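What Swiss-Prot annotates here:
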| type | residues | note |
| --- | --- | --- |
| ACT_SITE | 96 | active site, proton acceptor |
| DOMAIN | 102-340 | domain 'Radical SAM core' |
| DISULFID | 109-345 | disulfide bond |
| BINDING | 116, 120, 123 | [4Fe-4S] cluster binding site |
| BINDING | 170, 171, 202, 224, 225, 226, 302 | S-adenosyl-L-methionine binding site |
| ACT_SITE | 345 | active site, S-methylcysteine intermediate |
């Protein structure tokens, strides 16, 4: 998977970057739109198949560029229709992409990193350690692979993929530039034309990057909350020690307010038996979210080996949901999908090569500080 050709991978370029590329090889900017449609609308990875592109330009493209997605290692289909792709990226690690069909829509859950540095105690991805950020081509390549698998082009109706959630392996905000570029392609009509309201980024709470996100792109935001107080969240989601709840929720409120249009924050809360599922936790959550425009998604824990956690009983789940409902919150309980192929929330593992030691997993968080990262060059998005 490593690019040893020196060619630029067009799969991960946004429209402005694609236009710059064509100018750099002495071509008109409009060629960007032609080629992007071939790549994203029709899943083409061979320049020779681009019939409205002249032979001379096709030869020039062959010499300087390529269209290269991640390598599909396996595809599994659950009894409930959920699909999971395991794909190998340039680092040699494998990451997972999940498609969930439900109620007339199709949601694609996309990974942003091979492994994860945040080490949330109830998440199987965190147990794998951290290997590498995915490039923008490797992120959008998951959408490209899934779209090709369904044999569809992104028409406005009857499309298989209607929603994309950055909720797969990794913390998206720790791979900021590549994730933003991939989401821009998802929403671009030359890409997949998905509505900004139907592209969702989920974060465990990298506060400086939440503020930066609001400056550069308009997508829906989800917060992996999982605990209603700092003491418990420090144990479950260790990044909370750096960005505690008051700081985190203030950033989320700023983000939602900046977008306007009656947008709300999605709160994700994994229910763990005897840990965060008691009535007092629901009451604390009600108080915590009193002034936060949000909807709440409760996620019963999906077991994985040696996790040390259990799924609450159905009665405990209903009790927790009812308490939140009575306080006026919009609350849903996520239906477990794809657990027979290990594709349920929190079960994504992949195969992370050269895993870092646990003590090293926080390097990215420690180095982040309060400064926004400088944009990376498009050449690093291969």
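Here the Cβ of each residue, glycine as well, is placed from N, Cα and C on the backbone.
Feature map: Swiss-Prot annotations on the structure.
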residue : record                               : Cβ within 10 Å
96      : active site, proton acceptor         : 26
109     : disulfide bond                       : 25
116     : [4Fe-4S] cluster binding site        : 28
120     : [4Fe-4S] cluster binding site        : 23
123     : [4Fe-4S] cluster binding site        : 26
171     : S-adenosyl-L-methionine binding site : 29
224     : S-adenosyl-L-methionine binding site : 22
225     : S-adenosyl-L-methionine binding site : 29
226     : S-adenosyl-L-methionine binding site : 24
302     : S-adenosyl-L-methionine binding site : 23
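Here is what falls inside 10 Å of the CA of residue 116 ([4Fe-4S] cluster binding site) among the binding-site residues 171, 202, 302: 171. Residue 202 (S-adenosyl-L-methionine binding site) has a Cβ environment of 20 other Cβ atoms inside 10 Å.
Recorded residues residue 109 (disulfide bond) and residue 96 (active site, proton acceptor) have their alpha carbons 9 Å apart, per Cα-Cα distance. Inclusion criterion for the recorded positions 96, 170, 202, 302: a C-alpha placed within 10 angstroms of the C-alpha of residue 120 ([4Fe-4S] cluster binding site); this criterion is met by none of them. Taken residue by residue with DSSP, residue 171 (S-adenosyl-L-methionine binding site) is part of neither helix nor strand, so it is coil. Put simply, residue 123 ([4Fe-4S] cluster binding site) is 11 Å from residue 226 (S-adenosyl-L-methionine binding site) when counted between their Cα atoms.
Confidence over the domain 'Radical SAM core' (102-340), given as mean pLDDT on the 0 to 100 scale, stands at 93. The binding residues for S-adenosyl-L-methionine are recorded as 170, 171, 202, 224, 225, 226, 302; their greatest pairwise CA distance is 19 Å.
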